[in-house]
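As written in Swiss-Prot, here are the features:
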- Asp134, Asp163, Leu164: S-adenosyl-L-methionine binding site (BINDING)
Amino acid sequence: MSSLRTADDTWDIATSVGSTAVMVAASRAAETERDEALIRDPYARLLVTGAGTGIWESVLDAKFVETVAAADAEAAAIFEHMNSYQAVRTHFFDAFFTAAAEAGIRQIVILASGLDSRAYRLDWPSGTTVYEIDQPKVLEYKSATLAEHGVEPVATRREVGIDLRHDWPAALRGAGFDPSRPTAWLAEGLLMYLPADAQDRLFEQITELSAPGSRVAAETAGVQAEDRRQQMRERFERIAEKFDMTASLDIQQLIYEDPDRADVADWLDAHGWTATAVSSQQEMRRLDRWALPADLTDDDAFSNFVTAEKLS
């Protein structure tokens, strides 16, 4: 269970779950500036620097990164791994959307979109509409920040400012969503912030709204044994204290580690979808981005990247 979450908690871009979107955008910005980047997000740095979260802006400072590397090799490896994980994850789901567009899907829904910039940076075909669902303040920050810099979306972009714990299907329809048309759905960086029963309900709602030919992609929530979870928590607490990042790295307090959480691929297969799961470890190694210490094994809790298609 999460110790900082309540049934009706809300947030903006600088607090609670909202601030994790800044962390992810910081990783995309760092990746974009690599010589051989897996993804290019020219807007990530803009979104990070205006968020007011402090530490994630610092992570984009080359001198800070050099200081961490010089002071603590383990911390440097973990930060590198975190950035690489986000890059690999983004790369995987970018490819999912590219394939969906090539298959003729023109209706996109990004759940808990945060600072996702795909509506602005992917090469969407004409006639594509991207619906972004998230807390109103998060969506307002993103659209206002990019508009201030003259950035316009490539696709038609429609904001659906609502908590996913409320009646988001009705709000989505109200924004123009057509459930009779095939849709490509994405739940990236979301499921770990939902209790197990809420995850099931989310996929039930997606299924109800999906016409044949629809596709869905999701990053699963990893579940660890308690002793391993405590070991990882202590490792991150030590790093956070050493580099004055305590408030920013307390992500474990925001997520739900329900042991009875359904396997996403199995759930989809049982509810009218044909699903495939790729382990994040496998994908990171395939792209030569594995950087964690050797004491972490495949038995540790890493997410899977799941894609599925609804055939009927």
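Heads up, the Cβ atoms here are built off N, Cα and C, so glycines get one too.
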Other CB atoms, at most 10 A from the CB of Asp163 (S-adenosyl-L-methionine binding site): 17
Check: same-chain CB within 8 A of S-adenosyl-L-methionine site center, minus Asp134, Asp163, Leu164: Leu111, Ala112, Ile133, Gln135, Ile162, Arg165, His166, Trp168
